[in-house]
């Protein structure tokens, strides 16, 4: 069986916007890492990680914990912003603001706190006056104001509007021919997040950090690994979704409940209300990215949606199986 693919651009994918969303937080993460490397030899064995209203420290940890959490927070913000920019129609100025303001805020506070720790003989002696917070907040507000006046550009031609026509097809299934279609859905961003959570958990455990923190991080990574890679299958049974690692539970729709299948450009946020397995009024589905979605019109008037590679082949196969079922019932 030859594969059929669609060249339609992913819904909401605006070239360059993911880079705009990711760049400021990632630059701030690099600056934080560079400052930590420069002052590492001067940091005490335990550093101040939080200060109270008087500027005196009230939270402490190993330097590796402070640096790891700061860098991962910024890198995660950048990666999340890039993902959102590529999958949802976020207004350009909101995108600029969400990328610049937090990056400036944390990109100032984290290195400043590291420098304050490096200047002290021990963590208890660290002083971090509240004017640092005022400077950081002012700079973040200035960045947000700048975001409001930066130029924007329209979405490229070919981006789907609300009136985009669905694409339907058939596979030309011969009488008696049996075919099963399978693809695995996953997100490289979630895979990277799992890796970051494991690294953070190992670092926290290695330096004797909070046991609860590394257990939560490691547990979250395991849950993501078990649930975010999904195997999608289509055949005479209908459509089935199973976690790729566990194989259970099995979700999906039996063939006798499917009235028709088609392919549409799909945005998780707009069409399903978010990422992962979603249930909304009259619609259920699974999506971890935008792109061609397999849309099933069900016999009860509801819809089932899955964003998956080679969705057109799955739709064609299901349409042929539906036609075969109808022919048998009429005969």
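Cβ atoms here come from the backbone N, Cα and C positions, even for glycine.
Per TrEMBL, the features are as follows:
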type	residues	note
TRANSMEM	20-40	transmembrane segment
DOMAIN	29-69	domain 'DUF1648'
TRANSMEM	60-83	transmembrane segment
TRANSMEM	95-118	transmembrane segment
TRANSMEM	130-150	transmembrane segment
TRANSMEM	188-207	transmembrane segment
TRANSMEM	213-232	transmembrane segment
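DSSP assignment over the domain 'DUF1648' (29-69) gives 21 helix, 10 strand, 10 coil. Same-chain residues lying 6 or more positions outside the transmembrane segment (20-40) and placing a CB less than 8 Å from one of its CB atoms are 63, 67, 70-71, 74-75, 77-79, 81-82, 84-85, 95-96, 98-100, 102-104, 106-107, 110-111, 114-115, 117-118.
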